[in-house]
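Novice: Take this structure first; my questions come after.
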Amino acid sequence: MFGVVNHDVFRWPGIVNGTEKNLLGLFIVTLMLPGIPCLAWGEEQANYVLESTAANYVFGRAPITSSLAWQLHGCYKVGSVKYANFPVDAALYGCEDDNISLDHRDPSHPMRNIIKRMFEMRESYPVLNDGYYLQQLSNHTHNIYLPGSNGTPTETGMWSVLRSSWSGVQNLTETAEGDQSVWLLYSNDNRTVEHHFDCSKNDSLVSPFVKGTTVRNLFAPYEEYTLEAGPFTLGFDGSTKPNGCLTKIAMDAWGYKALVPTKKFIKPRPVLTEFFPGHDYRLWSAVDNGDTVHVSFGFSVGMDCDSISQSIRITSTTTHSSDAALDLDSVVCSTTNTTTRWVGEAATAFTYDVDLHNVHHGIHQISINNASSSDGDSTGAADSVLFRVGDFDNPMIFPHTANYSRSLLSKKSDGSLYVSHNAAGADLWRYSLNFGTSYSDWNTYSEGDSKLAPRVWSGTSAQAWDGEHVIVQYWSRKAGSSAHYQHGDLDWSRPRTFPNLWIDGPFNQFGYDAGLQNQMELGANSTWSIDVLLEWPAQILVNAWGINPDGQPDRTRVYGDLDGDHVLDRVPPQSLVTNMVNLTDPPPSPSLAYKFELNDSDLRYVAVPTGSRWIQLVLYFLLGLIPLATAAGATWTYLGSFYAVKFNEFGVNEKKARLSSIFSRKRTRFQSVEGGTSGDGLVEKAERWVNRGSELFQTRKHHQPSGSDTAEGNAATVFGATVRRPMVTVEMTPPTRRNVLIATMEYDIEDWGIKIKIGGLGVMAQLMGKHLTHHNLLWVVPCVGEVDYPEPQEDELAEPIQITILGNSYHVRVQTHVLRNITFILLDAPVFRKQTKAEPYPPRMDDIESAIYYSAWNQCIAESIKRYRPDIYHINDYHGAAAPLYLLPDTLPCALSLHNAEFQGLWPMRTGKERDEVCKVYNLSPEVVREYVQFGEVFNLLHAGASYLREHQNGFGAVGVSTKYGKRSYARYPIFWRLSRIGALPNPDPSDIAAWAQGDATALAEEATVDPEYEAGRAATREEAQRWAGLDVDGSAELFVFVGRWSMQKGVDLIADVFPAILEKHPKTQLICVGPVIDLYGKFAAIKLERMMKKYPGRVYSNPKFTALPPCVFSGAEFALIPSRDEPFGLVAVEFGRKGAIGVGARVGGLGQMPGWWYTIESTSSAHLLQQFKGAIDNALASKVETRAILRARSSRQRFPVAQWVQDLETLQSTAIKRHQKHAKKPKQTRKRLSKHVSAPAGAQPVGLGIEDGPSSEVQPSGTTTPSYGAHQTVRSSFSPRDGFNGAETPTVSARHATPISSPASTRPNTPPLPDWSAFLPLSAGTRFGPGAQTGPDVADEDTDTDSIGEALQYFPGNDFIGRAFGGEEDYIDGQGRLSVLSDSPEGMELRDHFHDGIELSRPSTPGILASRPPSVRSTLMPSDNAPTTASPSRPSSSYQPITRSGHASGDSTPRDMHNPAPHSPALLRPPMLSNDLVVGEKKDFRLQKVDPFFTDPRQDYETAFARQLQDLDGRNTYDTTIEKFITKSEKDWFNRLRGAKMGKTSTPVGSIFRDKTGPGVTVSPLVHDPTDDADDSDEETGQQFLLPDDYKPPTGIRKLALRRLGDWPLYSLLLALGQVISANSYQITLLTGQVGETATKLYIIATIYLVTSAAWWAVYRTLKSIWVLSLPFVFFGLAFFLIGMAPFVNGIQGKNWIQQVAAGLYAAASSSGSLFFALNFGDQGGAPVRSWVFRASIIQGTQQLYISFLWCWGASQAKLNDAGANTSLVVSSPALTTTLGVLIAVLMWSIGLTLFFGLPEYYRQKPGYVPGFLSGVFRRKIVLWFFIMVVMQNFFLSAPYGRNWLYLWSSQHLPIWSVALLVLLFFVVVWAGVLHYAAVLSKRHSWLMSIFAMGLGAPRWCQMLWGVSGVGLYVPWAGGAIGSAIAGRSLWLWLGVMDSLQNVGFGMIMLHTLTRFHISFVLILAQALGSIVTMAARGFAPDNLGPGPVFPNLALNILDGLGNAWFWVALFCQLLVNVLGFKFFRKEQLSKP
């Protein structure tokens, strides 16, 4: 069987000259080749339409019956890859040929007639059908080489072939011409060629017939040829004659001839050659009235006209059921002569014309059955033709125009749907109401309305459509086709044939990614359209149904364009053909995208360029530059706003200053507090009382002070002018007197001349005594060493106070002393006497000695409260804050003044042993401590005060001593966060005792005038000061003065650092610095100032000790330097200002209210402070003389009136009493709850009187409260308001009237009589300093408030104030002690022997007061002159010794009064007097003895090195040798040595880290010590400096390995950082849910796991040691990877998938601990500088970005392979590799977990301590609410498209993965490192920089997503080519990623700036939980839950539509709002900002 074409080969008529070639082929296979000819369906109709499926598989399978589809898709466009220069022709335009959609059973088609003739020839000439003999007679050809032939020649020309029977084998003579041979000629020339031959030659055209024979062509036109004699005799059929020859013959292009002798020629039958108007012709008829139609038939020969008429039969399918008929009268027959087109085609020779009448609308068939010719020959065929008649709305006639009808579908009143048919010609019909998803059964067609059954359809809401739609399909038997459809709509305005249309493609994973906007819109002209911006070239397909309910893309109606003919093609779902619409060429400029428009009716589409690349260009640079520009702008604005030196011209602004006063309500509210009326309340009474109080002072019989207390004292000399201030007078009929108790360690007993370190705290206490004359003041004070107290009078002795410490009882002697309205209660015991006048505070706040001291202090205060029953206890700072706790469950009103909240009284409670020990020391039950005192792992005294106010006064009563200080304390210290606020009680100027009215200060300052006389005399005063200081005498010099403590807090180091440059820049500048050295900063400042005195002789005076200053120093100074880093009030500024020195300093705390130049402190770094300080000095020096004069005048009139302070204090106290009374009215169960906490520790009893429930039975006068400290108490204080006054004098208190009942503990039978010691053992060499701790000589101060000295706990950054305040540097010592705090002297042991043996010693007869021992007897430690002496090497021994009646110390070993017991208590029953030695004894195992070492440079190594660096000091290099920088380096070096000592390394020398800049080069300074010198004393150094015990053992094994450092990173910190890196946060949960397009269910499951495990990790963190929460996550990580490794062993795909889902859940569970890795890392390095934290956070953040980047790289590469049809799962494709990797990674994770569990330092091996009211406190922090708002905003809008955003990075088809990886490394390594370095350097000076910069960045992640998710960055044409486009787009994305990472670091720094570790841990965990909830919500209903949505519009396509969308602005606003709120809260809530 041979054929020319088959169904799988292209159709020849579709190419150039294809029909001719097809016919030639048919000639060969039908007539020449033996065998069966093969014809393809439609080949006889010359069908030429090719199916556009694939370029490598060209074929055509067009149907024979009518169908529109083949015309719609008839333009072939895909070409061919198999054929070179594929010459497609007609196939390119098939869609333009209407005949393609017609019926293809045309009997008159020429091709059919030619083929029919060939088969007729086979029938007439059997040799053509069965002849086996085939012989080539000749060929007249030549070779040509066609393109693509690879050198293979193509033979071209004419062939001559004989076809006959095989002689002797075949016998075909049975038929008429059965044995007749046929001469076949054919040619493959592509043109007509006339061949000429010389018959005498061998190459002539020899015929198989003999010469002279006439031969005739069997094909039309049946021409004849006569043969001439040829050169050969071939002897065919036994002939001996020469064979004939043709001399010439013309062969048409691809022509052929079949020649036989004319006499053997058999005439062909007639054939139908034409039909008019044409087969299946469509005639338009508007009205169906039975039209007349003219038709015509053509025949190949003359026909018998009647025979034709008789053979015609007509059948019709119409609505009238009638057939058309011939009008025989109209028949016309004629002959004709037509031309032909193809070789062998029979021409029309005869026509038959006739009219048909009664032609109705429908399909008509005309059949001609065996018509005869005029010769009587019949056609032998039944030929049928069709034509159709109807209107344009008839789908059977005109399917093009009638495919939609507006009248087709209707609805009746009952809701039923009907269709109205108009499809005459149809036989059957069916319908679909769901766009072809399902059809009804076939129904017989009939005109009219047909009722439809209800619609049956189920689908998604997205697939649904509006209105009703019907598709009616019709079938015709005559047409043999059902390809007739008509659509109709109801309640819909635009014609449509699709419910909806979506585009899919690789850009959305072929529909699996439902998040991208891919739904097309139907326009008014029935054109579907959508904007398409992809990376060109791109491919898309059109889907009619989108996503099915099962979440899978629909595949039933998917359209592409196989052939590129711009008509959509549809292939079966199971087809392997890639049916895509190819958008190959990029849009032309200036367009950026295409608008894909699809015609609904004919599926033709066009791609119209749209969008603007110029908008994209602008957007590119805006997105790239705006975040950076706004961040820089925010930073610059911050610098400009808060770094500018404030020039205060007028001083205090009263209106502003009072805004933060202690009361937040109207004054009338507080008037009613005391029960008074609004017009005559207690406030008004107190005001009048204060304003007239001086009369009382003048009638005192007691000691009359001088100065401000006298009338003359009120006449002050201010700048040379006498200003008479009115006296403060007190009305003689005062309001009800109140008893107020205060307790301070600083005090001033005027009549005794005893002044104990009067700072701010002491001054304010003294003010209470002087100016609260309308109240009685109880002042509890301790007796200190080195002070001679007067001998007590008999009535001044009081019952000793018994206290309990560590379960043992001790006593403290008590003496009272009355001065005016003040009753001093003096406490005397060795524990108090150990302190000195200059240093009344213990040196440390964390050791056993300080705990004993403050325990005794608070217990004594509590006992004093019980004895004297005050109306209110006014607490000052932390020292006595725990006293009210000893009264529980009874309470009393309290007020708390914060003079220096930096110091809080902290002792460690990290373990149960430490907690129990501290509780026993303080004699407080663990329950009370937990409820009131404990804060984390810290026993916090100040927290006790805050808790007490919170619990019993609703949080009211805490105030700061300046307008700002209360707010800043509230913001800085977490212990106050449970309070609603901290008010302000600004300190007054003690000398400002004049009357006061609101607005005085502002009015006086504005009215100030310059005093010329005073100004003229200032030069002389300055010269006097210069002569005093030894400076060059110059009255015009610019003299700067600093007077104060030389400490870090006071900023003396800044003066030393900045003034070399100032002195050199301003030659007339001079400097005086005087004050005691307090800390290392002061020590090094003294060294530098000393060097400056030598460098600048006559210009600098430095005296680093307390010095009495003459008045000329204050009055002669031009400027007062006050560069304090923190200053609660700053009285020194007021004092200097009043005396003429203008302030230049820091605007912090209470400073900045006086006229002068004040700089803000935004960072604690010295670089920042120096810059600010120098700017203020420069501004001051640049000021004019006139300006300074007016500033001095205004300074003199500044008001800080005592009267105002008294009024505010009155309001504070009265309101506190009222709040307390209100709270005390709570139900009894509250008091019962409190009573549970009273129980003392085991072995001890609580101190105090018996307590009964219920209020006091005594009547309380209005305005007072008398707490019921025991209902059975019979003694009452002489302070009772009922006592009134003693005449007109100040009421006094007699100790004789105060005889309280002894505490039960004082008479306990189990308490043995113990001796009273007159000496105690020396302190340890500890170095943790408390307030006022002395490190230099002669420490004293008299001008400012409480010292802030020593190492205060740092909150920022990374400080674990709450978590582990006492962890120390890698505190890995477990159970190992440090050096004992006690001496092992024999005396100490002897004392203990006496104690344990119960030896009774007598008591002195004067137990009330003790005096210090003179220096001559300081070495006497025991009551024996022969006792040897032992002293601590770091502190002299105590000087305590009891005094005699005369007040002088006795040199006797046993005082003479020792045996005379006190009058109120038997000596033998009284416990011993409290001393540290008695409490501690020889024990060395107290937990509080294991104090942490601090850097104090005890051997002066670093001091020496620093002095060497100053040899070449000048104004240029002074900033290279700043004191803070040197101390920081020294401290780092010292701690490195400490770390080395702990690790067991040899002690390292000092000095190698210091370098001197002595010129262009940098040289290393010599070692401070010779290494050989250190060898001998390394043990001593370790013992003294590092406090390591003798039996200390360095860590070994894993613990030592974990502490090994890589740079500044311990190994364990790297492992914790790894945990953070591999953990996904809440908005990265999509990382765990797979690629884009995953169902929401998986995300919900993962997010829920993340939520639940976040809570679980927090529970583990709060209940177990931190090692568990840091090591267990790696177990889960390991399990996740292990399951992945085991997945290949699970059978079935579903099982493998299930295992992987479980692994994802485990990974999510582990990831939810990521925030704890962040919060707890570097836990042993709480004091690290900001720069270090910026560097660390940046490193971790950058590494995490790289990790996520390459995770998505892997995912994206797998997705690409999956799209290509590859099996990408490693579990399936590479099971061995999967198992190997999974198990190895799992083992690695588990190994890390074990390393952390066993190797983490001691810091992590303790449980987090309890924080009472933690939740209420943390939620008061606005920064916490801001953080949660940020989480909500970011997660809601940015979490859902997070994965899509990352996918953009790796989705380019033009960039290989390695090139994108290089880009990632460039940005996240190189660029990130540069940004990191720059940020770290700047953060060194500006600690806030990263935070402000981060907030200034705005919304970089939003910008990144706008670029990557919206699609605007897919094609960047102006970047130059496809590769340039991809690189430019990804570069911007990565740049924004760097900005986003930088913002993340900045936000992390905000948390570190404003919260402690503990709070950060909770906030991050809660944020995780909240974030996971919001992430689920975002996936559920966010506007961008599946894709960019309206949140991220493609602005380059339609900027107006994008900007006009509300969600765009809402999302952007929410992201920016986060930054605005962050800035608002950040500055106010910083922990480190003073």
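Cβ atoms are placed via backbone N, Cα and C, with glycine included.
Annotations in TrEMBL come from automatic prediction, not curation.
Per TrEMBL, the feature domain 'Mok11-13/Ags1-like GH beta-sandwich' maps to 132-265. Sequence annotations record features per position, and here TrEMBL assigns domain 'Mok11-13/Ags1-like Ig-like beta-sandwich' to 267-391. The annotation domain 'Mok11-13/Ags1-like second Ig-like beta-sandwich' is assigned in TrEMBL to 393-492. The annotation domain 'Mok11-13/Ags1-like CBM' is assigned in TrEMBL to 496-610. Summarising the annotation, TrEMBL assigns domain 'Starch synthase catalytic' to 740-945. The region 'Disordered' annotation in TrEMBL covers 1218-1316, 1398-1472, 1561-1585. What TrEMBL records for 1257-1268, 1300-1309 is compositional bias 'Polar residues'. Marked as compositional bias 'Acidic residues' by TrEMBL: 1573-1582. TrEMBL lists 1602-2031 with the feature domain 'Cell wall alpha-1,3-glucan synthase Mok11-14/Ags1-like transmembrane'. The annotation transmembrane segment is assigned in TrEMBL to 1643-1661, 1667-1690, 1702-1723, 1781-1803, 1823-1843, 1855-1876, 1888-1909, 1915-1938, 1958-1978, 2006-2026.
If you look at the structure here, what lies around each of the features I listed?
Specialist: Taking H, G and I as helix, E and B as strand and the rest as coil, DSSP gives the domain 'Mok11-13/Ags1-like Ig-like beta-sandwich' (267-391) the counts 7 helix, 68 strand, 50 coil.
Averaged across the domain 'Mok11-13/Ags1-like CBM' (496-610), pLDDT in this predicted model comes to 87.
Panel annotation: around the transmembrane segment (1643-1661), residues 1626, 1629-1630, 1632-1633, 1668-1669, 1672-1673, 1701, 1704-1705, 1708-1709, 1711-1713, 1716, 1808, 1961-1962, 1965-1966, 1968-1969, 1972-1973, 1975-1976, 1979 of the same chain, lying at least six beyond its termini, place a Cβ under 8 Å from a Cβ of the stretch.
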Novice: Do at least three C-beta pairs under 8 angstroms join the domain 'Mok11-13/Ags1-like CBM' (496-610) to the domain 'Cell wall alpha-1,3-glucan synthase Mok11-14/Ags1-like transmembrane' (1602-2031), pairs 6 or more apart in sequence?
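Specialist: Checked: the domain 'Mok11-13/Ags1-like CBM' (496-610) vs the domain 'Cell wall alpha-1,3-glucan synthase Mok11-14/Ags1-like transmembrane' (1602-2031), in contact.
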Novice: Same chain only, please: residues at least 6 beyond the ends of the transmembrane segment (1667-1690) with a C-beta under 8 Å from a C-beta of the stretch. Say none if there are none.
Specialist: 1616, 1619, 1622-1623, 1657, 1660-1661, 1696, 1698-1700, 1702-1704, 1706-1707, 1709-1711, 1713, 1716-1717, 1720, 1771-1772, 1775-1776, 1778-1783, 1785-1790, 1792-1794, 1796-1797, 1800, 1804-1805
Novice: Which sequence positions outside the transmembrane segment (1958-1978), separated from its termini by at least 6 residues, show Cβ-Cβ distances below 8 Å to it?
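Specialist: Those are 936, 974, 1360-1363, 1625-1627, 1629-1630, 1643-1644, 1647-1648, 1650-1651, 1654-1655, 1657-1658, 1661, 1712, 1714-1716, 1718-1720, 1808, 1811, 1814, 1818, 1821, 1824, 1827-1828, 1831-1832, 1835-1837, 1839-1840, 1951-1952, 1984-1985, in sequence order.
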Novice: Which of 1702-1723, 1823-1843, 2006-2026 has the most Cβ pairs closer than 8 Å to the transmembrane segment (1888-1909)?
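Specialist: Stretch with the highest Cβ contact count: 2006-2026.
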Novice: For the transmembrane segment (2006-2026), find every same-chain residue at least 6 residues outside the stretch whose CB is under 8 Å from a CB in it, and list them.
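Specialist: Hits for the transmembrane segment (2006-2026): 634, 1822-1823, 1826, 1829-1830, 1833-1834, 1836-1838, 1888, 1891-1892, 1895-1899, 1901-1902, 1947, 1950, 1953-1954, 1983-1984, 1989-1993.
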Novice: By DSSP, what is the split of the domain 'Mok11-13/Ags1-like GH beta-sandwich' (132-265) into helix, strand and coil residues?
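Specialist: Tallied per class, the domain 'Mok11-13/Ags1-like GH beta-sandwich' (132-265) gives 6 helix, 63 strand, 65 coil.
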